[in-house]
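Asker: The structure under discussion is supplied below as structure tokens; questions concerning it will follow.
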């Protein structure tokens with residue numbers, strides 16, 4: 001069958017991966033048999049996933065080349081599915097078949113060193129190239145409306161195939177069904193917008209402008225969350241990831257018993273291990289097993305996921321993740337006093353430390369859906385520290401009660417920080433709240449570029465918009481868990497190109513305490529401020545004509561430059577300079593020749609400002 005005639009829409013709707021392959025099938029033959037995989041997925045689904053895998057491994061390959069590799073592997077899989085004898089090619093591990101296909105291609109010098117290795121080293125080498133390829137392609141742009149509709153009317157299905165290819169090569173670790181799911185939304189957008197193609201072209205463009213962000217936003221969010229989770233696993237290890245998932249799942253399913261929750265935690269951690277390695281097919285199967293377990297056991301897990309489990313397979317996972325937390329059991333006590341007052345607590349802690357701490361985290365989390373998962377991890381760490389101190393021989397009486405005081409203090413401090421931030425946001429609004437963040441983070445991390453500082457603080461401002469309108473019972477989970485994603489981005493940026501010792505300490509020491517650690521950072525004393533050069537501050541006539549959004553961006557760039565020049569600037573000094581700049585702009589923009597005015601007034605403003613800052 002010609003690749004370009006595959007009906008991708010059918011492929012997307014009918015993705016029916018086997019729902020509950022048993023864990024006992026993890027032997028080599030069953031796990032990787034290409035014939036069995038083909039039979040489970042069926043031809044179009046197998047071919048689509050092959051396209052995704054090759055695009056993720058070879059992001060520099062053309063669509064036709066990647067499609068040809070997918071076509072070749074699918075043909076082999078089809079033969080193996082019906083073969084009566086055990087052909088050597090059919091018995092190869094599936095990962096090896098995919099990598100063999102890449103290594104047989106000509107003119108792919110980037111992979112020569114990896115292809116010279118033997119498995120499993122070869123697979124590890126390819127996975128490391130996946131890591132290094134992230135970000136080398138430009139972001140996916142909105143398609144040209146007229147060209148997309150013309151292509152759609154002439155070819156239809158290949159347009160979606162190209163979209164799958166373009167998304168896959170830009171997001172090498174993104175879960176394959178997530179890509180297929182968003183491709184279905186893309187196909188719907190093309191149909192909706194191109195259905196009225198007889199109208200004026202500007203209506204077509206408006207339709208794409210309106211709908212394209214809705215299609216692409218989930219891709220970026222899913223990719224960011226997956227990268228974030230993989231970053232936690234890589235940096236802090238499986239124990240931290242399991243603790244995070246234990247807190248989240250206990251909050252989501254407060255009626256579930258500890259054994260059921262613990263089983264889910266282990267399965268989810270295993271899934272992330274495979275997904276973060278880039279093992280696409282194992283990642284898919286892991287997720288299917290988890291979905292099957294959750295939906296067949298919803299009577300003991302949650303009353304809030306029934307509708308999710310009735311949705312098509314591709315929509316099920318995200319629906320469950322976004323579902324409301326189930327109601328707490330009616331007989332659930334308010335406190336977990338048995339973890340403090342029980343006489344055998346120290347003995348249990350000594351004998352089975354991790355299990356005891358896990359039970360504490362489970363019990364505390366299911367009682368407190370109003371706390372963020374990160375805060376629950378900090379509480380669990382505080383409890384661990386308390387037992388280590390109070391279970392030592394000779395520990396003073398009342399030791400445990402002092403730990404409770406520390407816990408109440410930490411809860412109050414965290415809630416106060418979030419409430420204060422929201423009060424500032426509500427008072428100042430998006431632009432001025434972002435400026436407050438820019439002042440803080442430029443002083444903490446002056447090594448970041450203006451573009452990076454504006455990007456990160458804009459994302460933090462969006463958290464204020466999203467979370468500060470919520471009630472007190474939902475504010476902390478919303479704010480801290482979204483902020484955790486942004487701080488994860490900053491820490492991955494630090495990993496790629498170190499920022500400064502303070503950021504290094506916060507990003508490396510503890511996942512749970514990363515947010516409060518970065519919050520407490522002050523001016524980076526190791527930073528060498530910018531020198532005052534003639535071109536450091538430049539004012540031109542376009543300050544009078546630029547549209548408001550771009551003007552605000554320019555002002556923020558100037559604010560960052562000023563803070564990098566004088567990190568110790570006081571709020572009063574900054575206010576005076578800002579007022580002087582505003583007055584100069586208003587004055588020059590009234591002139592017949594604003595450019596000449598700025599050329600005269602700009603240096604004077606810099607001179608006066610420098611004198612004030614040096615005083």
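The count begins at 1 with the first shown residue.
Backbone N, Cα and C define each Cβ position, glycine as well.
Heads up, TrEMBL stuff is auto-annotated, nobody curated it.
Okay, so TrEMBL annotates it like this:
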BINDING   279  Ca(2+) binding site
DISULFID  80-90  disulfide bond
DISULFID  103-115  disulfide bond
DISULFID  114-125  disulfide bond
DISULFID  149-194  disulfide bond
DISULFID  193-207  disulfide bond
DISULFID  230-276  disulfide bond
DISULFID  275-283  disulfide bond
DISULFID  295-309  disulfide bond
DISULFID  390-399  disulfide bond
DISULFID  491-507  disulfide bond
DISULFID  506-517  disulfide bond
DISULFID  544-589  disulfide bond
DOMAIN    23-212  domain 'Albumin'
DOMAIN    217-409  domain 'Albumin'
DOMAIN    410-607  domain 'Albumin'
SIGNAL    1-20  signal peptide
Asker: In whole Å, note down how far the CA of residue 90 (disulfide bond) lies from the CA of residue 149 (disulfide bond).
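Answerer: Residue 149 (disulfide bond) and residue 90 (disulfide bond) have their Cα atoms 41 Å apart.
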Asker: Using a Cβ-Cβ cut-off under 8 angstroms and a sequence gap of six or more, which residues of the chain neighbour residue 90 (disulfide bond)?
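Answerer: Listed in sequence order: 33, 34, 35, 76, 79, 80, 83.
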Asker: Have a look at the disulfide-bonded residues 114, 193, 544 and say which one has the shortest Cα distance to residue 399 (disulfide bond).
Answerer: 114
Asker: Quick one: which of these disulfide-bonded residues, 230, 283, 295, 390, 517, have their CA within 10 A of residue 115 (disulfide bond)?
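Answerer: Taking 230, 283, 295, 390, 517 one by one, none has a Cα falling within 10 Å of residue 115 (disulfide bond).
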Asker: What is the Cβ neighbour count of residue 309 (disulfide bond) at a 10 Å cut-off, with all protein chains included?
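Answerer: Other Cβ atoms within 10 Å of residue 309 (disulfide bond): 16.
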Asker: Rounded to a whole number, how many Å is the Cα of residue 491 (disulfide bond) away from the Cα of residue 103 (disulfide bond)?
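Answerer: A Cα-Cα distance of 34 Å.
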Asker: Roughly how many Å separate the Cα of residue 589 (disulfide bond) from that of residue 125 (disulfide bond), to the nearest whole number?
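Answerer: On Cα coordinates alone, these residues lie 59 Å apart.
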Asker: Measure from the CA atom of residue 114 (disulfide bond) to the CA atom of residue 103 (disulfide bond) and give the result in Å, rounded to a whole number.
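Answerer: Just about 9 Å between their Cα atoms.
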Asker: Can you name the disulfide-bonded residues among 283, 390, 517, 544 whose CA is within 10 A of the CA of residue 276 (disulfide bond)?
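Answerer: So the list reads 283.
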Asker: Rounded to a whole angstrom, what is the C-alpha distance between residue 207 (disulfide bond) and residue 507 (disulfide bond)?
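Answerer: If we compare the Cα positions of residue 207 (disulfide bond) and residue 507 (disulfide bond), the gap is 42 Å.
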Asker: If you count other CB atoms within 10 A of each CB, which of 207, 491 wins among these disulfide-bonded residues?
Answerer: 491
Asker: Near residue 517 (disulfide bond), which of the disulfide-bonded residues 275, 507, 544 can be found within 10 Å, Cα to Cα?
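Answerer: So far as Cα distances go, the disulfide-bonded residues lying within 10 Å of residue 517 (disulfide bond) are 507.
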Asker: Limited to the domain 'Albumin' (410-607), I'd like the whole-number average of pLDDT.
Answerer: 94
Asker: Using a 10 Å cut-off, grab the number of neighbouring Cβ atoms around the Cβ of residue 589 (disulfide bond), all chains included.
Answerer: 14
Asker: Tell me the Cβ neighbour count for residue 295 (disulfide bond), meaning other Cβ atoms within 10 Å of its Cβ, over all protein chains shown.
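Answerer: There are 18 of them.
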